[in-house]
Amino acid sequence: MAITKSTPAPLTGGTLWCVTIALSLATFMQMLDSTISNVAIPTISGFLGASTDEGTWVITSFGVANAIAIPVTGRLAQRIGELRLFLLSVTFFSLSSLMCSLSTNLDVLIFFRVVQGLMAGPLIPLSQSLLLRNYPPEKRTFALALWSMTVIIAPICGPILGGYICDNFSWGWIFLINVPMGIIVLTLCLTLLKGRETETSPVKMNLPGLTLLVLGVGGLQIMLDKGRDLDWFNSSTIIILTVVSVISLISLVIWESTSENPILDLSLFKSRNFTIGIVSITCAYLFYSGAIVLMPQLLQETMGYNAIWAGLAYAPIGIMPLLISPLIGRYGNKIDMRLLVTFSFLMYAVCYYWRSVTFMPTIDFTGIILPQFFQGFAVACFFLPLTTISFSGLPDNKFANASSMSNFFRTLSGSVGTSLTMTLWGRRESLHHSQLTATIDQFNPVFNSSSQIMDKYYGSLSGVLNEINNEITQQSLSISANEIFRMAAIAFILLTVLVWFAKPPFTAKGVG
């Protein structure tokens with residue numbers, strides 16, 4: 001039996017502002033944590049005695065756990081209440097952050113990152129929902145604008161703050177800073193939102209669907225993360241993980257298609273616009289997320305950047321979204337959304353290609369940040385137009401499920417994109433390293449003349465060869481990264497074709 005409650009009156013004055021700060025801070029905390037570790041991977045890996053490839057599990061484990069938690073958030077909120085679930089999520093997110101900061105080996109850190117990701121899943125949708133519920137109807141657009149600013153600002157602050165912490169303090173502080181923020185959120189919400197819980201009802205949890213989702217997505221992510229270390233399909237472990245993942249995902253599709261209470265509402269894919277929007281978001285975010293993890297590591301490994309400078313090199317991508325996003329939100333409905341998305345994808349393609357032909361170990365800081373700055377135009381015209389296209393033609397009662405599906409695929413593609421990018425980068429680096437090394441022999445006149453000059457500085461042939469090997473490694477890493485950037489550019493050009501199959505009008509009452 002559902003527990004019904006009268007709807008409390010909207011908040012006003014200082015109380016409303018304090019609640020806005022608390023809910024926005026929760027969103028900021030979650031978004032910050034999704035990017036703050038990007039520049040810290042070399043530092044964390046070195047401290048815990050792991051390779052850089054293994055260190056990326058710190059990112060992907062959080063992402064895949066976050067993705068799994070998103071589809072079940074709605075049902076949990078119906079069952080125990082939005083406010084109660086939000087407070088529990090903030091509490092355990094803060095506690096898991098504390099445990100991450102105290103981890104002494106990679107396995108423990110990854111375990112608590114998984115817990116942290118599971119607790120992070122409900123934070124964004126619930127903070128948004130609670131904000132709208134407690135604002136007067138005429139001010140809800142303003143509330144969403146304030147809330148959205150945290151979504152934009154946090155990913156900019158993450159790499160810079162993470163770099164500063166790693167260079168000046170212990171890496172554990174990149175997780176520990178969540179604790180005081182969590183305490184502030186809990187204190188304000190417990191005090192100001194008391195008695196404002198949402199209605200609850202004893203909805204059934206789709207345990208078979210959830211189990212298949214965990215096995216399918218979890219198995220896929222572990223397979224991608226461990227594949228390189230275990231030599232891919234020459235390993236029985238990788239084969240087993242692949243079989244389990246494929247069978248689970250196929251079974252999940254069959255189960256969810258026939259279930260009366262699905263975790264993933266696959267019926268949404270009957271809408272042409274939803275399908276095109278989700279495919280576009282998933283593919284675009286796969287390449288985008290891979291690149292934003294690759295860049296800081298590339299700068300640190302090939303150019304000797306410290307963590308904070310790697311973060312500063314990434315930051316310009318957030319300048320234009322900060323300035324343009326409010327304008328797109330206000331005037332975007334006057335423009336064909338396909339034009340905005342096309343502009344976004346073409347800007348992505350131009351910037352990735354620009355980076356692929358200019359990046360080398362000798363590039364200066366200006367050469368690095370210029371493509372990042374202009375890519376900000378692409379980011380600003382990406383999420384809102386594609387979300388609008390995805391939701392067009394859907395009835396109002398499908399919006400919650402559509403939002404859940406969109407966030408699920410976006411978050412999952414981010415983790416998969418990171419794993420695929422780092423795997424491809426490593427494999428191509430090995431190939432180019434061997435190809436470049438093969439040109440180094442006594443019959444190469446360039447090598448002979450260079451080695452004679454270098455011998456004066458290093459005093460021995462072994463010193464010369466060691467320096468040459470370091471140079472080959474730097475060049476191999478750069479060449480491999482540039483290949484990935486070119487691949488991303490091609491993918492975004494192809495996506496510009498896909499988006500034009502979407503059918504206007506792009507409103508809730510349109511026909512999808």
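Cβ atoms are placed via backbone N, Cα and C, with glycine included.
Relative to the membrane, Pro8 and Asn469 are listed by Swiss-Prot as lying on separate sides.
Per-residue confidence over the topological domain 'Cytoplasmic' (295-307) averages 85 (mean pLDDT, predicted model). 106-126 is the stretch from 106-126, 173-193, 308-328 with the greatest number of Cβ pairs below 8 Å to the transmembrane segment (31-51).
Contacts between the transmembrane segment (9-29) and the transmembrane segment (205-225): absent, as fewer than 3 C-beta pairs lie under 8 angstroms at sequence separation of six or more.
Within the same chain, the transmembrane segment (339-359) stays apart from the transmembrane segment (85-105): fewer than three Cβ pairs sit under 8 Å, each pair at least 6 residues apart. Simply put, out of 173-193, 205-225, 308-328, 205-225 has the most Cβ pairs sitting under 8 Å from the transmembrane segment (54-74).
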